[in-house]
Amino acid sequence: MAETADDDAALIAGYLAHIRVERRLAARTQALYAEHLQDLWRRAQAQGLALTAVRPADVRRWVAQLHAAGRQPRGIALALSAWRGFYAWLGRCGRIDQHPVHGVRAPKAGKPLPKALPVEEALRLADGPARPDGEAPHAQAQWVRDRALVELLYGGGLRIGELLGLDVQPSPTARGWIDTAAGEAHVLGKGGKWRLVPVGAPALAALADWLRVRPLLLRTPQAPALFVGARGQRLTPQVARRRLAHWAAAAGVPVHVHPHMLRHSFASHVLQSSGDLRGVQELLGHASIASTQVYTRLDFQHLSRVYEQAHPRAHRRAGERSDARPDPSPPAPTPLPVRDSGNPPV
């Protein structure tokens, strides 16, 4: 066994010299590879195996152990990368006949949940900071514009590119417009597909305010863009993101807010209120229901919080007796706060 251990140590040292001298990997990468190879060696020794005797079944078992121990998929992938490189080098040196890591993959990393604002913070954002009285008309016009942007992003669930692509009037070249009489936005979405999005009363009121002051920012009266910047050109996504972040901070929202967060908030709040997944899919313009189903996970998080706050069994401490009967009339769950509007339930 001592001879085998010496052989294994020599093989690891040889490979580390190879990546240092021939491949010239960064010092940090060399250190990570050395750490992962030491872990591989410990696992092989625990099974009474020389490194050259490791088989794919052994590697799969060790990957499962790493996963069960809480190692993140990215960390497992890095370990496999080090092991794979080591055994590829052993193969080129003629020390092994079978590559034991070939075809072994790390567990897939789960997609992170989209970040949505709580309903109370979304409404605080929509209400916005105080209007800047006493400032120049130009600055006040930008405040009115930003308020309309926030209302339409949250109240309609539009993508920022869709919203900024809207024109004031319909035309053969327009990528979208808002029919204020019907309370509908005609939106050209991904894949060149048109959809209708309902626009609620607060958003329509904010839009009407913006249309009244919009000429203050125009350089040419015929400019088609619904939303324009300080120089009269169509507002860009970069400027809109900065303005939204500033608006949120001024409104006292304690997180960094970006346009797509309002789309996520729109979707999750409508789903919480209605439970209509297909309806949310149509409002968002998703081609596949699979893209919309991620919001059911957010909705489940919301339901979990409701359970923890309302269900008598959720609060029982460890060791507490459960023979006491709960109050037969627990308080009703608090409904989602809504503004008096014609908006879809959010």
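In case you wondered, yes, glycine gets a Cβ from its N, Cα and C as well.
Marked as domain 'Core-binding (CB)' by TrEMBL: 6-91. Across the domain 'Core-binding (CB)' (6-91), mean pLDDT in this model comes to 92.
Under the heading domain 'Tyr recombinase', TrEMBL lists 112-308.
Taken from TrEMBL, the feature active site covers R159 (among others). Following the DSSP three-state reduction, the secondary structure of R159 (active site) is coil.
Per TrEMBL, the feature active site maps to K190 (among others). Reduced to three states, the DSSP call for K190 (active site) is helix. Contacts of K190 (active site) defined by a Cβ separation under 8 A and a same-chain sequence distance of 6+ are given as R159, G285, A287, in order along the sequence.
For H260 (among others), the entry in TrEMBL reads active site. Non-local neighbourhood of H260 (active site): P114, R159, I160, each in the same chain, at least six residues away, with C-beta under 8 Å from its C-beta. According to its DSSP assignment, H260 (active site) is helical.
Among the features that TrEMBL reports, active site is placed at R263 (among others). Long-range neighbours of R263 (active site) (same chain, six or more residues apart, CB within less than 8 Å of its CB): L153, G157, L158, R159, L284.
Counting every protein chain shown, 17 other Cβ atoms lie within 10 Å of the Cβ of H286 (active site). For H286 (among others), the entry in TrEMBL reads active site.
The active site, O-(3'-phospho-DNA)-tyrosine intermediate feature in TrEMBL is assigned to Y295. The 10 Å shell around the Cβ of Y295 (active site, O-(3'-phospho-DNA)-tyrosine intermediate) contains 24 further Cβ atoms across the protein chains shown.
Marked as region 'Disordered' by TrEMBL: 309-346.
Here TrEMBL flags 317-326 as compositional bias 'Basic and acidic residues'.
For 327-336, the entry in TrEMBL reads compositional bias 'Pro residues'.
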Distance [Cα-Cα, Å, rounded] between Y295 (active site, O-(3'-phospho-DNA)-tyrosine intermediate) and H286 (active site): 12
Helix, strand and coil counts within the domain 'Core-binding (CB)' (6-91) (DSSP): 71 helix, 0 strand, 15 coil
